[in-house]
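To start, the structure itself, in structure tokens.
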Amino acid sequence: MTNRIVLAYSGGLDTTVAIPYLKKMIDGEVIAVSLDLGQGGENMDNVRQRALDAGAAESIVVDAKDEFAEEYCLPTIKANGMYMKQYPLVSAISRPLIVKHLVEAGKQFNGTHVAHGCTGKGNDQVRFEVGFMDTDPNLEIIAPARDFAWTRDKAIAFAEENNVPIEQSVKSPFSIDQNVWGRAIETGYLEDLWNAPTKDIYAYTEDPALGNAPDEVIISFEGGKPVSIDGRPVSVLQAIEELNRRAGAQGVGRLDMVEDRLVGIKSREIYEAPGAIALIKAHEALEDVTIERELARYKRGVDARWAEEVYDGLWFGPLKRSLDAFIDSTQEHVTGDIRMVLHAGSITINGRRSSHSLYDFNLATYDTGDTFDQTLAKGFVQLHGLSSKIANKRDREAGNN
């Protein structure tokens, strides 16, 4: 049986050099798989050809933008998915989709191994490998950058010794990962927590201080899904792309945070996610109007746990599936419109309307037309505070308060 390695191929130096390296290591063929997740930049046909030129037996490019938006970004919107209340899981939600297509390619080409280019210090090694274990445990996993101390210098030396066609350029000091949902920047001078990020690291967002005129936008949802912007029907992908442009032009969606990595270390990360942040903020605002108080309280805890599961690489796990089912059940009435102003790096919600709204004007108003029966409040207050009152009485008598 021929050994076949299915490689998560980015088109960069490391995974290009990995093709001939892996071929030699297992004496077999390499199937390179690349996904277009809306990351922009290089033409994907060029990426495909580079893999073939490096010696791949097959090079597959998958246009997965709509699939990514509908099946990975949309659940993140419904879950208000923010790890540590800030990070909208830009890289974390893309890894299970890459895993899915690598496993499919493994079945198509009778793959025996699967490989990725992650190091041993990051979260992505976990996301990839747990995903492979969950979906096809028969594939043997190879991680050359981690397992064989693969460095950039070693990669270039191997390429020169083996005539691998690579384009050497001045190396960016940063590690960058991007897709339509956002952009992640790390390492380089950012590893010193006191160093402020310079303007040149940003690509999805303009400087919030530019003074652009405010941009007012209306985002409409049906069952928690964005369906139109300013009255124009959009797909989820189109909604993300348009808000990337509009919110990005206002400097919305920049994050600078110290993140608790799964492997136990803290890491400074810079993110740009204008469309993601705008959609999640709008969705949260609509949930405030349409979800009952106790359910909303409980969902906030579920949302946080969902983000942790996804961040930790457990997309295919049983808890994540159960959390998905709960979250989906909460979205039945999350239908309506949110109006927001994008300006100078901020989002201001200034309008909400929904045919499923739980806001009752006549109960909320303090003016004429008030239907709230305030005579019921006194008894409610007494009963609400009764258990606390009894406990404090006991503690006072015991001299503890």
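One is the number of the first residue shown, and numbering goes on along the chain from there.
Note that Cβ sites are derived from N, Cα and C of the backbone, with glycine treated the same way.
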Swiss-Prot ATP site partner of A8, Y9, S10, G11, G12, L13, D14, T15, T16, selected from G111, G117, G120, G122: G117
Binding-site annotation, Swiss-Prot, L-citrulline: partner of N123, R127, S175, E259, Y271 in Y72, Y87, Y359: Y87
Cα distance (Å, whole number) from T119 (L-aspartate binding site) to T16 (ATP binding site): 16
Local backbone state of S175 (L-citrulline binding site), from DSSP in three classes: strand
Residues that sit under 8 angstroms from R127 (L-citrulline binding site) by C-beta distance, when 6+ apart in the chain: A92, R95, P96, V99, G313, W315
T119 (L-aspartate binding site): secondary structure state under DSSP, collapsed to three categories: coil
